[in-house]
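Before any comments, here is the structure.
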């Protein structure tokens, strides 16, 4: 990403790195002690919080589909976008200056239309793919979004990865493969699909659109603001999903036999999705879109654990192994910060500088380097 913290390294507020600065015992005689492990634990906790939100949307959707025969993914997304609109778009409307809703629309309306379209269609295509292909295909091909996300981050955000990051991603994908194998052995793979090729293409398109949306989200929340991202997605997501549900889901919506249980499931889904959209920019701002996507790979496992009690799933020890492998890969990725390379300007050669991905870990490196320089 093109946002450099500069060559002179310091902690927030311009204080000299480490010297005279000791947040909660981070530095002791100029040497970092606790901050690195604390930042990794914080990143893990934030990632798993997002996984639980995704788990909530999966469980409520499955209840609606299996118990009440309600399949309305676009209506469910529409409710979430409406909540974002009512909260964040309205907040932008009352902002002053260049952060005002009208000012943003005048300058960047077409960009946010494309972002809203990518976000809405990513959600829709993945859900629609289940009608054509198998659970295994969706789980495996959905991971295609991670290499696409890394490639987009390289070219758009100027992220520069180290060897350990590629190893970490490979370990996480191995964990996903273990999870899929556990699904097959436990007998969950009972959907053969009626057109596997179409379903697989839908998954790949949806995963790619998710990557585009996540890269845009990282750029906006780090260079602009979280409220602008959520407000614009809420505005155009509401419009686009509203038009689309009238076209593709009006018959399904009209056939719903509403009662308080169905309404409660819709509310629960909307709240989980709203929390996911609200918290994800906060996590991306202190880590990166790639690390967030690696962290939420455990969402399917949480859904499985709840499904053991709610839907009678069979348990396999491979699920525990899969969770462990994914977490090991996630920790490996978070343990080493990425770099951000500034694009070349005129005749000045490109300079590799500190980025914002895994910010807490970068501060730890800065503290160590400053201590060495002082000695």
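For all residues, glycine too, the Cβ spot is worked out from N, Cα and C.
Not measured: the values here are computed from a predicted model.
Annotated transmembrane segment per TrEMBL: 44-65 (among others), in sequence order.
Per TrEMBL, the feature transmembrane segment maps to 77-97 (among others). Sequence-remote contacts of a segment are chain residues at least 6 beyond its ends whose Cβ falls under 8 Å from one of its Cβ atoms, and for the transmembrane segment (77-97) they are 103-104, 120, 123-124, 227-228, 230-235, 237-238, 241-242, 245, 266, 269-270, 273-274, 277.
Annotated transmembrane segment per TrEMBL: 139-159 (among others), in sequence order.
Feature annotation from TrEMBL assigns transmembrane segment to 166-185 (among others). Residues 135-136, 139-140, 143, 146-147, 150, 290, 294, 297, 300-301, 316, 318-319, 321-330, 332-333 of the same chain, all 6+ positions outside the transmembrane segment (166-185), place their C-beta atoms under 8 angstroms from a C-beta of that stretch.
What TrEMBL records for 197-217 (among others) is transmembrane segment. Sequence-distant neighbours of the transmembrane segment (197-217) (same chain, 6+ residues past either end, Cβ-Cβ under 8 Å): 115, 118-119, 121-126, 128-134, 137-138, 141-146, 148-149, 152-153, 156-157, 229, 280-281, 284, 289, 292-293.
Positions annotated as transmembrane segment by TrEMBL: 229-248 (among others).
Residues or ranges marked as transmembrane segment by TrEMBL: 260-280 (among others).
The annotation transmembrane segment is assigned in TrEMBL to 292-311 (among others).
Residues or ranges marked as transmembrane segment by TrEMBL: 317-334 (among others).
Contact between the transmembrane segment (139-159) and the transmembrane segment (292-311) holds: at least three of their C-beta pairs are under 8 Å, each pair 6 or more apart in sequence. When Cβ-Cβ distances under 8 Å to the transmembrane segment (260-280) are tallied for each of 44-65, 229-248, 292-311, 317-334, the top count falls to 44-65. Take the transmembrane segment (44-65) and the stretches 229-248, 292-311, 317-334: counting Cβ pairs under 8 Å, 292-311 has the most. Here the transmembrane segment (317-334) has long-range neighbours at 40, 43-44, 47, 164-165, 167-176, 178-179, 181-182, 185, 287, 290-291, 294-295, 297-298, 301, 304-305, 358, 361, meaning same-chain residues at least 6 beyond its ends whose C-beta is under 8 angstroms from one of its own.
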